[in-house]
Amino acid sequence: MKFALLSLAAMAVASPVAIDVRQTAIAGDELRTGPCEPITFIFARGSTEPGLLGITTGPGVCNALKLSRPGQVACQGVGPAYIADLASNFLPQGTNQIAIDEAAGLFKLAASKCPNTKIVAGGYSQGAAVMHGAIRNLPSDVQNMIKGVVLFGDTRNKQDGGRIPNFPTDRTKIYCAFGDLVCDGTLIITAAHLSYGDDVPNATSFLLSKV
């Protein structure tokens, strides 16, 4: 399994995603450093991905939300405490507690700093496990502010029964590509695990339908 996860890092480098780097760099820390916006998007990237939003799906959803709702969206990636290391995939929760706590803290920050914002969220690969761990234990008042969550290549899909525990299924959409074995409870990485850029438009539409 370690070989399979190491293969993910190599495949990610070999399969770059075209993104606006300047826009992504600005967008990745907006909850912490910027003003409140009507919509706050919180995202956890996959293992070995750079920056706060990663490269596979986070920047795409962030930018699509901003294009659909100009001047109304703040994007926040989970980090820097969450380092998206490979080894944490082997832990019981599919990530480490530091990452889960940091993500939970960002949801709580959005709720306290911006009480009128509508929160949407997402995660890719290990980042999906981060979202499972963080959202399931949030106070109910904070959970109620989360209007929609999209998860790509969810490493906790099988273990948690295709849902985020203790969170409404109608506010969650999990994307599992055909042939992506991590969705079946393994850590075997196939090419399908890198295909989720294709789901960004649908995921964005889902989140917008909830706000």
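Note that Cβ sites are derived from N, Cα and C of the backbone, with glycine treated the same way.
Note that the coordinates shown come from a computational prediction; the quantities given were computed from them, not determined experimentally.
Taken from Swiss-Prot, the feature signal peptide applies to 1-18, supported by sequence analysis.
According to DSSP, Cys36 (disulfide bond) sits in a coil region rather than a helix or strand. Under the heading disulfide bond, Swiss-Prot lists Cys36-Cys114 (among others).
Among the features that Swiss-Prot reports, site 'Transition state stabilizer' is placed at Ser47 (among others), with the record citing similarity to another entry. The secondary structure of Ser47 (site 'Transition state stabilizer'), as reduced to three states from DSSP, is coil rather than helix or strand.
Taken residue by residue with DSSP, Cys75 (disulfide bond) is part of a strand. As annotated by Swiss-Prot, disulfide bond applies to Cys62-Cys75 (among others).
Here Swiss-Prot flags Gln126 (among others) as site 'Transition state stabilizer'. Sequence-distant contacts of Gln126 (site 'Transition state stabilizer'), defined by Cβ-Cβ distance under 8 angstroms and a gap of at least six in the same chain, are Ala44, Gly46, Ser47, Ala84, Ser88, Asn89, Gly94, Thr95, Thr155.
In the three-state DSSP assignment, the secondary structure recorded for Cys183 (disulfide bond) is helix. Long-range neighbours of Cys183 (disulfide bond) (same chain, six or more residues apart, CB within less than 8 Å of its CB): Gly153, Asp154, Thr155, Asn157, Lys158, Ile174, Cys176, Ala177. Swiss-Prot lists Cys176-Cys183 (among others) with the feature disulfide bond, giving similarity to another entry as the kind of evidence.
The secondary structure of His193 (active site, proton donor/acceptor), as reduced to three states from DSSP, is helical. Its own atom aside, the Cβ of His193 (active site, proton donor/acceptor) has 27 Cβ atoms within 10 angstroms in the protein chains shown. Marked as active site, proton donor/acceptor by Swiss-Prot on the basis of similarity to another entry: His193.
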**OP:** Tally every other Cβ atom lying within 10 Å of the Cβ atom of Cys75 (disulfide bond).
**Re:** 28
